[in-house]
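Comments concern the structure below.
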Amino acid sequence: MQNFINVSNNKNYSKKWLIFIVILLAIVILLSVFTKIETESGNSNDHDDKYYSNIAWMLTATALVMIMTMPGLAFYYGGFSLKNSQLNTMAMVFVSYVIVAIIWVVYGYSLAFGETNGGVIGNLNKFFLYGVKSSDQVDNMPEFIYVLFQFTFAAITVALVSGGLIERIKFTSWLLFVVLWTTLVYIPIAHWVWANEGFLKKYSVIDFAGGTVVHLNSGIATLMGTIILGERLNRHENPRSMPYILLGTCLLWFGFLGFNGGSAYGANERAAAALINTNTSAAVSSFVWLLMQNFHSGKPTLAGMCDGAIAGLVGITPAAGNVNIMGAFIIGIIEGASLYWVILWKTKFNLYDDTFNTFALHCVAGSFGAILTGLYADSEICRISHESGVKTKCEDGFIFGNYMQLPKQLIGVSVCLAYSALMSCLILVFLKKTFGLRVTKEEELAGVDLSQHGENPYPEFSEQELFNVKFISESFANVPVT
């Protein structure tokens, strides 16, 4: 019993882990030597009330997005997990936030939003935020707030990927995945789409708050993870704790108001439009899901209504500050109806093992939302933010006469989809061949809470499970683990 709980005793594995840490620290030290340090604070300038209103709103929006990840996503994912793996599921979300917070300050922000190298990636001029002064401004707010706001997006994106890997991935391998994936996948795509000189932004691809950067990106990575890891031995589809799922959904909905509303980068009319569009799309999508499930099975479920709301929230993300209320209403209808059938078919044909439907609710919904933005974008909604000092290029969609916006959106979706799928696959294969990705059969069947963390949120439950581990393991002795 002790052998599978103390998995860290494997000497070869420990050596690989130690070598990785040493190399990482060496890179950080080497880069810091060649980094120009500019820590002096600038002189404070007089600002009008609008400037301080922007600060107040962006601080609030940043806190709301943090709530989406911790505890929103943690509770939502935890509600779908087995009792003996629930703690591990939540820990994967929590540690994603912790690791990305460090990465973002050290080099993430600089590479994502620093001076561009060919529109593909930033430089390291802001390594460890050197040169960022308290008086520096980005979009009429202190740059420090902009750094923190963008960090919360990076953190929740990689945390979303954990949804397809739960109950079978090694926790230490997940830590490495977070570092590699954030560095090699999230940061480049964020630069392409959101940095002023990013090549997709210069091409006028619209992604207001992360339909491609966050949702498509995390969703396709999840699919790659489910394929490479393989199915769980104890695969299940039904929710395990509906109170957790409902609480998580409500916190996600609440946080999305900051996620999308904050992407207007100020306390302005565009933020107000983003808020009403976000709320409307979520409500419409949830109600459409309810109607379709009632028509199809005769019993609308609370889990289904939660999925519908999330589909609407994700779908409106790239469009929230670029469409009018009718556009938001239509997007909600399309997302709710289409995602209901996507998930139904996935479950019916047993296509892949993704308990939280992360691929469908994020990659598919995010892609649909980005494409629909090319249809319903209204430049008048975008321009209202200019009065508050936030300058951005505004485009109409196909419906309003800009017939090239739709193909531009399709190209943006395709580029991000292909890159994220390829790089995610390479990272996962690399980790599988070097450190190993999957826990042993005994660990998986006993529950990864015990094998990976040595603890369990339900002690009385774990005792019974441990008593039956040997019997269950022998029953599954011939089941292959990829």
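From the backbone N, Cα and C atoms, a Cβ is placed for every residue, glycine too.
For 17-35 (among others), the entry in TrEMBL reads transmembrane segment.
The transmembrane segment annotation in TrEMBL covers 55-77 (among others).
The annotation domain 'Ammonium transporter AmtB-like' is assigned in TrEMBL to 56-458.
Annotated transmembrane segment per TrEMBL: 89-107 (among others), in sequence order.
The transmembrane segment annotation in TrEMBL covers 144-166 (among others). Only residues 6 or more beyond the boundaries of the transmembrane segment (144-166), in the same chain, are considered here, and those with a CB under 8 A from a CB of the stretch are 55, 58-59, 61-62, 65-66, 68-69, 73, 77, 81, 85, 88-89, 92-93, 96-97, 100-101, 103-105, 108-109, 112-113, 129, 132, 134, 138, 174, 177-178, 181-182, 186-187, 190, 194, 210, 213-215, 217-219, 221-223, 225-226, 229, 259, 262, 265, 353-356, 358-359, 362, 424.
Cβ atoms under 8 Å from those of the transmembrane segment (173-194) belong to residues 20, 24, 92, 95-96, 99-100, 103, 107-108, 111-113, 116, 119-122, 150, 153-154, 157-158, 161-162, 165, 200-201, 205, 207, 212-213, 217, 221, 412, 415-416, 419-420, 423-424, 427-428, 430-431, 435-437 of the same chain, restricted to positions at least 6 beyond its ends. Annotation source TrEMBL lists transmembrane segment at 173-194 (among others).
What TrEMBL records for 206-229 (among others) is transmembrane segment.
The transmembrane segment feature in TrEMBL is assigned to 241-259 (among others).
Marked as transmembrane segment by TrEMBL: 325-344 (among others).
Summarising the annotation, TrEMBL assigns transmembrane segment to 356-377 (among others).
Per TrEMBL, transmembrane segment is recorded for 410-431 (among others).
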Which bits of the chain, at least 6 residues beyond where the transmembrane segment (55-77) starts or stops, bring a Cβ under 8 A of a Cβ in it?
89-90, 93-94, 96-97, 141-142, 145-146, 148-149, 152-153, 155-156, 159-160, 162-163, 166, 244-245, 247-249, 251-252, 254-259, 261-262, 265-267, 271, 306, 356
Who are the chain neighbours of the transmembrane segment (206-229) in space, where the CB to CB distance is under 8 Å and they lie at least 6 residues beyond its ends?
153, 156-158, 160-161, 163-165, 168-169, 181, 185-186, 189-190, 193-194, 259-260, 263, 274, 314-315, 317-322, 352-354, 358-367, 369-370, 373-374, 377, 395, 405, 409, 412-413, 416-417, 420-421, 424-425, 428-429, 432, 437-438, 482
What else in the chain is close to the transmembrane segment (325-344), if you only count residues 6 or more beyond its ends and a Cβ gap under 8 Å?
276-278, 280-289, 292-293, 296, 304, 307-308, 311-312, 314-316, 319, 357, 360-361, 364-365, 368-369, 372, 376-378
